[in-house]
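Database features (TrEMBL):
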SITE      C165  site 'Transition state stabilizer'
ACT_SITE  D245  active site, proton donor
Amino acid sequence: MALESLRYSRGSLQVLNQLLLPRASVYEDVTNVQQGWETIRLMKVRGAPAIAIVGCLSLAVELHHSHKRKKDDLVSFILESLAYLVTSRPTAVNMARAAMELTTFVKQEAEKPDTTSESIQNSVIQWAEDMLTKDIGDNRRIGEHGAKHILQKVPNQDIVILTHCNTGSLATAGYGTALGVVRSLHAAGCLAHVYCTETRPYNQGARLTAYELVYEKIPSTLVADSMASLAMKEKAVSAVIVGADRVVANGDTANKVGTYQLAIAAKHHGIPFYVAAPTTSCDLSLEEGDKIVIEERPSQELTDVNGVRIAAPGIGVWNPAFDVTPADLITGGIITEIGVFRPHELRSALTKPMNVDCQ
Ligand code: MRU
């Protein structure tokens with residue numbers, strides 16, 4: 001059975017508390033928007049697509065169980081809930097994008113003379129459920145496009161991948177983005193090995209990606225972030241693949257802190273560097289990466305491990321959760337569900353997907 005970041009059926013949402021992994025696998029009920037917001041903020045669920053899905057499904061579950069409201073009151077409640085969910089974490093664009101699209105949808109529904117509060121409620125629930133289904137399909141397509149592209153570019157059937165953070169089933173509705181490409185390469189019998197970084201300070205690589213790789217029996221090795229350049233030099237790495245929290249119009253990409261240094265090291269070693277992300281992680285409203293708001297997390301996430309302080313008392317702490325990789329370092333391409341693009345092709349690919357050739 002595949003690992004599941006969440007379990008959903010109409011009226012019921014359970015989210016795997018990723019803070020407890022890999023020691024314990026505990027699913028917790030999320031029954032309303034407030035709990036959805038806290039689950040995201042505390043990073044019980046994390047990863048750009050999973051954040052948006054849990055946010056929207058928390059609203060769907062609350063709507064399913066809520067008393068009947070007048071149409072105007074219902075619309076206000078939905079719009080306020082979406083605006084609130086967006087404040088949970090600022091860098092990943094998926095929640096903000098879902099909120100924007102759902103807000104437009106709800107306003108349009110409300111303006112139709114024949115809609116009732118019940119029909120609006122049901123269509124919002126359906127919208128959130130469709131998002132869940134779409135994400136899994138998108139990830140499988142990302143996996144296929146990415147694997148095909150890498151196999152064309154790398155003339156070697158024994159592919160070695162280095163990846164960062166967690167981008168697998170746990171960060172999405174299922175299958176994963178960068179880890180989805182790894183899964184597809186493995187399924188095609190072309191994957192020799194995966195190196196996953198520990199991903200300090202929060203250890204998404206050591207706790208989550210390593211867990212997924214072992215669970216799937218994919219040949220893999222954990223390295224500390226500080227070993228990544230050496231791994232590229234000595235371990236015949238064919239490509240580096242990471243996920244994204246936000247890809248902006250020029251291709252600059254925000255992802256888990258540490259991604260930027262991997263891209264620099266990959267360029268030095270002549271190793272293609274790929275970003276794998278659904279188009280829901282793309283944000284054409286921002287031209288360049290320096291406009292992306294970078295979340296800063298509590299200092300304890302850096303100074304402590306599992307509640308035990310390891311840093312010297314009194315030291316100052318800077319804890320940005322993400323960094324921005326400039327487009328010119330994304331030398332392999334941006335792998336999406338609609339194809340693989342060079343960073344400068346992204347804008348036209350997203351506005352006119354049918355007119356742009358996938359590489
Ligand atoms: O702070 P996190 O764990 O939410 O950060 C996650 C990442 O940076 C992922 O690489 C990104 O969201 C892509 S997940 C498919």
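Backbone N, Cα and C define each Cβ position, glycine as well.
Owing to the predicted nature of the structure, the values given are computational and were not obtained by experimental measurement.
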In the chain carrying C165 (site 'Transition state stabilizer'), residues 6 or more apart in sequence that have Cβ under 8 angstroms from it: A171, T197, T199, Q204, G205, T209, V242, G243, N255, K256, G258, T259
Tertiary neighbours of D245 (active site, proton donor) (same chain, Cβ under 8 Å, six or more apart): A48, T91, A92, V93, A254, N255, K256, S281, F322
